[in-house]
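Worksheet: the structure to be examined is printed underneath.
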Ligand SMILES: Nc1nc2c(c(=O)[nH]1)N[C@@H](CN(C=O)c1ccc(C(=O)N[C@@H](CCC(=O)O)C(=O)O)cc1)CN2
């Protein structure tokens, strides 16, 4: 049987039309007000600027507003904390996104943690992570939550399955592992110091690759019938298409499902951010 393609691009598109309707309903009930996502970009990293632009465009497509805050490369932790506090106190702002990474002089963790829990629609605060891990209400971190929404939309069974997460970053690997655990998967977290990585991956029913290295996970490590979720993206070289963290091409006829790169996990990251922003807007404006 050909592998199921976990098509994040089309799921995101379908969800956007549902979100547009929710924003319209909200506008009608809240005297024309829309949810507002504040996006903070510090410095001039071109990739970060592109992602923030994509987020603003997604807000626009569903009829909600975004408030773009752009700060210079030389911004201090204190100045960024001031900006976040102003946005926390602005009743018209329903979600705050601080684009990662920030310049090296900034204490990124302190700045993430300054975001008010109810506006943490990107799911980056320690408080939100702790609450999510304990099964309490909190917005999930956008990429892992997007992956969970994608797996759910395609009815991929998780309960009792062995999931191997490769990567332990605060906004991907760690929250991913907790979300899979909360869905009753048996979870192994691997990382750069893991010994015998191939042996761990060979045990996996579900692999989530979040390593940030081009085709680092080899096809021969992956067992037949596994589900492959590739959270990496590396632009193509010499006119070749982009690739992810997994050597995917040899696997297409022997895994049960996989996320394409591009068009799998990436669009779900942005979609989850706006999905959670709409939810926050509804809670704030309608008290739902
Ligand atoms: N505060 C955050 N910072 C960062 C996050 C995040 O979730 N929150 N994630 C990444 C970057 N990112 C969003 O910010 C992101 C990366 C990739 C994509 C995407 O759609 N990629 C496309 C391919 C790229 C392309 O076509 O140019 C795809 O996979 O189809 C969206 C968002 C780091 N920072």
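Note that Cβ sites are derived from N, Cα and C of the backbone, with glycine treated the same way.
Values in this document were obtained by computation on a predicted structure and should not be read as measured data.
Here is what TrEMBL records for this protein:
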DOMAIN    6-122  domain 'Tetrahydrofolate dehydrogenase/cyclohydrolase catalytic'
DOMAIN    142-282  domain 'Tetrahydrofolate dehydrogenase/cyclohydrolase NAD(P)-binding'
BINDING   167, 168, 169  NADP(+) binding site
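By the rule that a residue counts when its Cβ sits under 6 Å from some atom of ligand 1, the binding-site residues 167, 168, 169 yield nothing.
This prediction places the mean pLDDT of the domain 'Tetrahydrofolate dehydrogenase/cyclohydrolase catalytic' (6-122) at 97. Taking a C-beta cut-off of under 8 Å and a sequence gap of six or more, residue 169 (NADP(+) binding site) has these contacts in its own chain: 210.
Annotation for residue 168 (NADP(+) binding site): spatial neighbours 174, 177, 189, 191, criterion Cβ-Cβ under 8 Å with sequence separation of six or more. Every protein chain considered, the tally of other Cβ atoms within 10 Å of the Cβ of residue 167 (NADP(+) binding site) stands at 23. Sequence-ordered, the extra residues of this chain that approach the NADP(+) site, with Cβ no more than 8 Å from the Cβ center of 167, 168, 169, are 165, 166, 170, 172, 173, 174, 189, 191, 210, 211.
Under DSSP, residues within the domain 'Tetrahydrofolate dehydrogenase/cyclohydrolase catalytic' (6-122) fall into helix, strand and coil as 60 helix, 18 strand, 39 coil.
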